[in-house]
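The substrate binding site feature in TrEMBL is assigned to N16, Q49, N71, G81, N82, N159, N192, E210, R211, G220, T221. Here TrEMBL flags C80 as active site. What TrEMBL records for C80 is active site, proton donor. Per TrEMBL, active site, proton acceptor is recorded for C219.
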Amino acid sequence: MTGRGIPFRKMHGLGNDFVVVDTRTRPFALTTARAVRIADRRTGVGCDQLVTIEPPRPEHPGSAAFMGIRNADGGVVEACGNATRCVAHLLMEEAGTDTVILGTLAGPVVARRAGRDSVRVDMGRATVTDAILSAERDPRHLDLGQPPFTDAVAVSVGNPHVVAIVDDAEAVDLRGVGPIVEHHDLFPDRVNAEVVSRRDAGLLRMRVWERGAGITRACGTGACAAVVAAVSRGVIARAPTTVALDGGRLLIDWRDADDHVLMTGPVATAFTGVLDESLLP
Ligand SMILES: N[C@H](CCC[C@H](N)C(=O)O)C(=O)O
């Protein structure tokens, strides 16, 4: 190690874990090769997504920074709810503020403190469709040919999701069906896949196969997509809903007035460290 390594912070939202690199003070290109190396849980640090905190971009007026996101397989991510809470928390701690605007590829998002280590993020508009679906398909009833995704709901939260509503989310062979759905040719950029069950009036259980990361313990945009899908199919009322993930619970509210989806949940730092040059091809 030559001492020219890159400092990082290991963070997570309900176990959906990230390596966060602040590139505002020192150059660090977020590349596919670096994401794959750093995300490797044996030879790298290990994470679901690699996240960079970059200087703000002019297209996001008032933003404090831009957040770059890559999946463990190096793929580009437009939106990442759990990571947004983590980075927003860092920036609010840094600035001593209770609110912050973050730029992402999906657009600017507004975050605010919601408690000691809890953050609420306005993730922007969530819609039942996906830009690439053609007009003759009903995004509320998509048949992807793989049960239970033979009657799925396509939801965009800035990144693409397909949600299957089932009686028992625990009973789905997500490791089997997830990769097939992720690579379905209806989604040229691939897609995140969620299975959702209604546990109670305001409580959903959700499991996720994430595009480019596989099964993760939580997915913030996935939880948003799950609520949008369940409301759109009349499974739950349009009201603040708790989503129970493998790693814990998020509070999601798909706001009536503007179709924005609000997500509230915890953030945590596990450790800080220095990326050795060998991880930086
Ligand atoms: N875990 C993230 C979602 C990452 C989605 C990523 N797998 C994609 O390719 O869109 C979240 O908390 O929203």
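Glycine is no exception: its Cβ is also placed from the backbone N, Cα and C atoms.
Here the residue listed as 'active site, proton acceptor' comes close to N16, G81, N82, N192, E194, M206, V208, E210, L245: these same-chain residues lie at least six apart in sequence, with C-beta atoms under 8 angstroms from its C-beta. Neighbours of the substrate site: apart from N16, Q49, N71, G81, N82, N159, N192, E210, R211, G220, T221, residues of the same chain with C-beta atoms within 8 angstroms of the site's C-beta centroid are D48, V77, A79, C80, A83, V208, A213, T216, C219, G222.
Largest Cα to Cα distance within the recorded substrate binders N16, Q49, N71, G81, N82, N159, N192, E210, R211, G220, T221: about 16 Å as a whole number. Ranking the binding-site residues N16, N71 by how many Cβ atoms sit within 10 Å of each one's Cβ puts N16 at the top.
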